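Peer 1: Annotation source Swiss-Prot lists active site, pros-phosphohistidine intermediate at His112, citing similarity to another entry. Annotation comment: Swiss-Prot describes Lys3, Phe51, Arg79, Thr85, Arg99, Asn109 as ATP binding site.
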Amino acid sequence: MIKPDGVSGNYTEEIKTIVVEAGFNIVKEMLTQLDKETASAFYEEHSSRSFFPHLVTYMTSGPVLVMVLEKRNAVSDWRDLIGPTDAEKAKISHPHSIRALCGKNSQKNCVHGSDSTSSAEREIKFFFKDVVSGDIATQQHDEL
């Protein structure tokens with residue numbers, strides 16, 4: 001997912017180019033504006049954390065581009081491509097990562113990345129109801 005700062009900062013096409021050049025296929029994409037209820041549900045696992053209200057406010061501050069990416073080892077390769085959560089640290093340790101390119105800090109870090117294959121499956125289904133479990137589980141690659 002390209003977060004509001006990535007979309008409003010006009011990084012969308014640049015990020016998509018990086019994604020494709022890294023060997024991913026963009027299977028589905030959807031530009032959407034999250035409301036408070038949707039953002040809260042998507043990030044529900046963080047609801048008890050102190051940063052949760054700020055996260056929901058940020059994620060509803062502008063449109064996001066949700067993508068389904070496909071590639072063998074997609075989740076781990078995507079995590080490598082986006083870099084560390086904190087964009088300031090990414091600029092030092094992973095200067096060619098997406099977060100180093102367009103992120104500002106640990107929240108405004110331009111992109112979201114699933115942390116596991118099971119999270120990827122849940123997150124894909126959250127936004128793309130037409131994707132069924134077998135579509136993901138039986139593929140010869142991961143999707144996120």
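The backbone N, Cα and C atoms fix where each Cβ goes, and this holds for glycine too.
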Peer 1: Return the residues near Lys3 (ATP binding site) by Cβ distance under 8 Å, restricted to its own chain and a separation of at least 6 in sequence.
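Peer 2: The list for Lys3 (ATP binding site) reads Tyr58, Met59, Val64, Lys108, Asn109, Cys110, Val111, His112, given in order along the sequence.
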Peer 1: Which residues in the same chain, at least 6 apart in sequence, have a Cβ under 8 Å from the Cβ of Arg79 (ATP binding site)?
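Peer 2: Listed in sequence order, they are Gly113, Asp115.
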Peer 1: Just how spread out is the ATP site if you go by the largest Cα to Cα distance in Å among Lys3, Phe51, Arg79, Thr85, Arg99, Asn109?
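Peer 2: Taking every pair among Lys3, Phe51, Arg79, Thr85, Arg99, Asn109, the longest Cα gap is 22 Å.
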Peer 1: Rank the recorded positions Arg99, His112 by the number of other Cβ atoms within 10 Å of each Cβ, and give the residue at the low end.
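Peer 2: With the recorded positions Arg99, His112, fewest surrounding Cβ atoms within 10 Å: His112.
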Peer 1: Around the Cβ of Asn109 (ATP binding site), how many other Cβ atoms lie within 10 Å? Please give the count over every shown protein chain.
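Peer 2: Step by step: centre on the Cβ of Asn109 (ATP binding site), count other Cβ atoms within 10 Å, giving 27.
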Peer 1: Which one is it: of the binding-site residues Phe51, Thr85, which Cβ has the fewest other Cβ atoms within 10 Å in this structure?
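Peer 2: Checked Phe51, Thr85; of these binding-site residues, fewest Cβ neighbours within 10 Å: Phe51.
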